[in-house]
Structure formats: structure tokens, C-alpha cells
Amino acid sequence: MSWGTELWDQFDNLDKHTQWGIDFLERYAKFVKERLDIEQNYAKQLRNLVKKYCPKRSKDEEPKFTSCVSFYSILNELNDYAGQREVVAEEMTHKVYGELMRYSQDLKAERKHHLQEGRKAQQYLDQCWKQMDNSKRKFERECKEAEKSQLSYEKLDNDINATKSEVEKAKAQFYLRTHTADESKNEYAAQLQNFNGEQWKHFNNAIPHIFKNLQDMDERRTVKLGETYRSFAEVERRVIPIVSKCLDGMVSAAKAVNERKDSAIVVESFKSGFEPPGDFPFEDFSQNLSRTGSDGTISNTPKGDRDKEKDGGSAPRSDPKHAVSRSKNKLWLFGKKPKAPSLEDYSHLPPEQRRKRLQQRIDELNKELQKEMDQRDALNKMKDVYEKNPQMGDPSSLQPKISETICNMEKLRSEIHKNETWLSEVEGKQSSRGDRRHSADNHHHTPQGRESPEGSYTDDTSQEHHTPRQRPSPSKTGPQNPDPHEFDDEFDDDDPLPVIGHCKALYSFDGQNEGTLVIAEDEVLYIIEEDKGDGWTRARKQSGEEGYVPTSYVDITLEKNSKGS
């Protein structure tokens with residue numbers, strides 16, 4: 001349906017309609033602008049959220065738990081998802097909003113041109129109508145003047161008093177007015193014909209053509225809106241596959257969570273290498289009670305002890321204070337851990353932790369050594385270039401730096417060798433201790449709750465049996481003058497334990513906890529009770545003070561037949 005044939009007389013209404021169409025297009029453009037602003041803000045907020053929850057530490061310091069790794073994978077996928085929201089905003093900016101704004105400007109210019117053409121055509125038609133109307137009015141005036149001159153002529157012609165000259169003059173005037181009226185008639189007829197022709201062309205050619213252009217413009221505006229509506233949806237559709245991959249990545253990260261693997265990582269991270277404590281032995285406190293009843297009297301004495309009593313032997317004498325001390329030491333596992341000295345070889349740490357720390361240090365030293373080697377190679381290459389091209393620099397100026405680098409390399413190699421020696425020592429002790437653990441009798445284990453210098457279990461118990469050095473046997477007894485203010489009452493036995501060997505301190509020990517001894521490096525002590533598998537040996541100083549020392553801190557020599565005695 002054509003506007004030119006149906007709306008030929010609705011120029012003003014079409015003017016208003018086309019203006020409304022442009023306003024509507026710009027309103028939709030404003031909607032798109034606010035939509036892409038939302039996308040940009042959403043993407044920005046997502047990126048800030050990811051940044052907030054991303055780890056601040058380096059990757060080496062991050063926990064390797066699958067739950068953590070999966071969460072960081074989800075953060076990465078969410079960051080990619082935010083990037084796709086930014087793509088949506090950018091595509092909307094260029095392909096929808098920008099296109100709409102450019103088209104709106106073109107549409108305004110085109111509408112203005114068509115409306116100007118229509119106004120010009122209307123003005124030309126109005127001008128033709130004015131010319132025709134003026135000729136019409138002139139023709140009307142001339143006809144009235146001719147009628148007046150005709151009446152005047154006829155009046156004089158019939159007047160007997162009128163002179164001939166007056167009659168002739170009135171006649172001439174009549175003829176003149178008549179002739180002028182005829183000319184006005186011809187001019188009016190010509191103007192009328194011209195106006196009718198222009199009016200026909202105006203309403204059948206000019207206006208339909210202008211209205212057709214306006215119709216085409218409005219239809220193109222509608223088509224453009226439809227296209228941008230599709231673009232608005234297609235922009236979103238194009239990122240759906242990538243968004244779907246991001247969501248699939250999140251699902252894959254969720255499936256990668258493995259509780260058993262995380263538990264294994266916890267074990268690997270925190271295991272000390274120590275064995276758990278053994279069973280408490282039965283301690284009979286009723287063996288000194290007199291037996292007045294018959295042999296069948298029910299008592300709490302174990303059958304083995306009653307048999308020994310019958311055979312004339314004496315049951316092992318219990319040591320209540322010793323039992324108390326062990327109970328106290330058992331509680332150290334849950335109490336405050338003693339402050340451990342930070343040693344260069346990490347001997348204050350449990351075996352497994354010590355092995356990990358030494359391995360970590362060796363890796364760090366190897367990296368530093370590689371850097372120094374690279375620097376040395378670079379300096380040597382630069383020195384060769386200077387030797388071949390003296391104008392570029394003095395080769396001797398590089399020698400001090402090269403010497404310093406080589407010195408650093410030697411120091412690092414020495415450190416690496418030292419740490420590798422310690423590492424091999426730890427690994428050897430762990431394997432030997434594992435062999436000894438399997439062959440040990442669990443019934444001889446005492447409670448293993450006493451603390452090592454680190455506050456965990458001692459790092460090795462095999463040193464009490466490895467290659468005992470032959471030393472002169474010290475005297476069986478020593479001065480018995482312990483200071484009751486320095487030590488716990490559990491060492492104030494009336495019947496001191498016999499000496500079963502001696503030891504030499506390999507390291508100093510501060511003995512800050514209850515029941516431990518303060519020893520100095522190379523100090524010689526008496527052994528009065530062996531390590532029962534908990535990493536602690538009971539010793540007596542030359543002064544008579546008794547207490548526990550870490551087995552790994554002393555070199556032990558046991559007397560022959562000490563266990564029999």
C-alpha cells in the first residue's frame with residue numbers, strides 16, 4: 001500500500017509519524033546502551049570477585065588439595081566467563097548501539113531532505129494558485145469596468161442632449177474596456193490551465209514521489225530495527241558455546257575433587273615418621289603386701305608374680321615415681337610443646353619433616369647454583385667479545401665479577417654437598433629404624449608421649465643401637481646430691497636406678513620441659529634406663545641429677561650384660 005495514493009493529503013501527519021519513528025529508534029538505542037553498561041559492570045564485578053578470592057601467595061606456597069585446585073580452576077573459568085560478558089558488551093557497542101546511532105543520524109538527514117522537497121512542491125503549487133487567483137480577480141475587475149463603460153456608452157447614446165464627441169468618447173472607452181476584459185479573460189484562462197496542470201503534477205507526481213521516499217525511509221527504519229533486534233540476540237548467542245565451556249570447566253573442576261587424594265596430601269605434609277606409642281605395662285603396687293591367707297586367696301597379683309614368690313624369687317620392684325613421670329610425659333603430647341632450637345641441619349625436626357626441609361633446601365641451592373653458572377657463562381661470553389673487540393670494553397674489568405661468581409658457585413656446591421650428606425643420613429636412619437621397628441617386641445614399649453626438642457616425637461631411635469663406640473666404663477655410681485628445687489620429685493628416688501652404660505652428648509640440649517636434663521655438647525652422662533621406643537633415654541649427670549635426654553642427641557655405649565644386671 002502506497003502512502004502517495006492513500007495519504008496524499010496527510011503531509012503534516014506523515015511529518016509527525018516519521019519523527020516518531022526516529023525517536024523510537026533512538027529510544028531503543030538508549031535501551032541497548034543501558035544493557036551493555038549492565039554487561040560491562042557485571043563483567044567488572046565478576047573480575048573483582050575473582051581477584052578478591054584468588055590466592056595472594058605464589059603457586060609454590062599454595063596447598064595442593066584437590067578441593068583448593070578445583071576452586072582456583074572455577075575462579076579461572078569465572079574470569080573467562082567475565083571476559084565473555086565483556087565481549088557481549090563490546091559487540092553490542094559496535095554492532096547494535098553504534099550502528100543505531102549512525103543510522104539515526106542518516107535517517108534524520110534523509111527525512112529532512114524529503115520534507116524539504118515536499119514543502120518546496122507545496123510552495124510552488126501555492127505560488128501557481130496565487131497567480132491564477134490574481135488573474136481571476138483581474139479578469140473579474142476588468143469585466144466589471146467593461147460593464148460600467150457599456151452602461152455609460154448606452155446612456156450617452158440614448159441621451160439627446162449628449163454631443164457626438166461625448167458619445168464617441170464613451171464608445172471608445174467601452175471598446176477599450178471590453179478589449180482589456182478579453183485580455184484578462186485570456187490571461188486568467190491561461191493561468192487556470194497552468195495551475196490545474198501543476199496541481200495535477202503535484203498530487204500525481206511530486207507528492208506521491210516524496211511520500212514514497214518517506215515510506216521507503218520508514219520501512220528501512222523498521223527493517224533496521226528488526227536487524228538490530230536479531231543482532232542483540234546473536235551477540236549473546238555467539239558467546240554461549242564459550243560460556244558453556246566455562247561452565248563445563250567448572251563441572252569438571254567439581255568432579256576433580258578427590259577426598260582420598262586430599263587425605264593423602266595431609267598425611268604426606270604432616271607425617272613425622274615416628275611410630276605411635278605402645279601399650280602401658282601393668283604395674284603391680286600390691287606386691288609388698290603380706291600374704292596372710294592361704295595360697296588360694298584371691299589377690300590382684302598376677303599369676304606369674306605369685307609363681308615367682310612361691311619359687312622364692314622376688315617380683316620386680318615397681319617404681320611409682322617413675323610411673324608418675326611417664327604419665328606426666330604422656331600428657332606432653334596434648335600440652336604446650338617445648339621451644340626447639342633452630343638447627344642448620346634441621347635435626348630438631350621429626351625425620352620426615354627434616355627430610356622434606358633438607359630436600360627443599362637442596363632444590364633451592366641448586367637453583368641458585370644454576371643462576372650463578374648462567375651468570376658465569378654470560379660473563380665469559382662478554383669477556384670473549386671484549387677480547388675480540390677491545391673498543392667495546394676492557395676484558396680485565398670483568399675478571400673480579402667472574403672470580404666472585406666462581407667463589408659463590410664453590411660455596412653453593414659446598415652447601416649442597418653438606419645438605420645432601422644430612423639427607424642421606426636421614427634416609428638411612430629412617431630405613432634402619434623401620435627395620436628395627438618391625439623386629440621390636442611391642443610388650444616392652446613404654447608410653448611414647450614424651451616430647452622431642454621440636455615438640456613432636458623424636459626424630460630417630462636407632463642411634464641407641466648403631467655402632468656403639470668402645471669407651472672406658474665409668475664407675476657404677478656417682479655423687480648423689482640432686483637439688484630438689486631444680487628437678488621434679490619423680491627423680492628423688494631413695495633407691496636410685498643402677499647404671500647400665502654411659503653416653504656422650506653430640507649436641508647441647510636446653511631441657512626446658514619437666515623431667516628433662518640440661519646437657520652440654522661433649523658432656524658424659526650415665527645411662528640408667530634405655531630408650532623404650534619413644535626417643536628418650538633416662539640419664540644421670542656426674543652430679544647425680546637424673547632426667548630424660550633425646551636419644552638422637554647422645555652417643556650411647558651400653559655395658560655388657562647390663563640387661564641381665
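A Cβ is built for glycine as well, from the same backbone N, Cα and C atoms used for every other residue.
Annotated coiled coil per TrEMBL: 146-173, in sequence order. Feature annotation from TrEMBL assigns compositional bias 'Polar residues' to 287-302, 394-406, 470-480. Annotated compositional bias 'Basic and acidic residues' per TrEMBL: 303-322, 368-387, 410-444, in sequence order. The compositional bias 'Acidic residues' feature in TrEMBL is assigned to 486-496. Residues or ranges marked as domain 'F-BAR' in TrEMBL: 1-262. Here TrEMBL flags 348-425 as domain 'REM-1'. The domain 'SH3' feature in TrEMBL is assigned to 498-559. Per TrEMBL, region 'Disordered' is recorded for 278-331, 368-499.
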So if I exclude everything within five residues of the ends of the coiled coil (146-173), which remaining residues of that chain have a CB under 8 angstroms from its CBs? That is, six or more out.
180-181
Model confidence over the coiled coil (146-173) (mean pLDDT, whole number):
84
From the DSSP assignment alone, can you count helix, strand and coil residues within the compositional bias 'Basic and acidic residues' (368-387)?
20 helix, 0 strand, 0 coil
Could you give the number of helix, strand and coil residues in the compositional bias 'Polar residues' (394-406) as assigned by DSSP?
12 helix, 0 strand, 1 coil
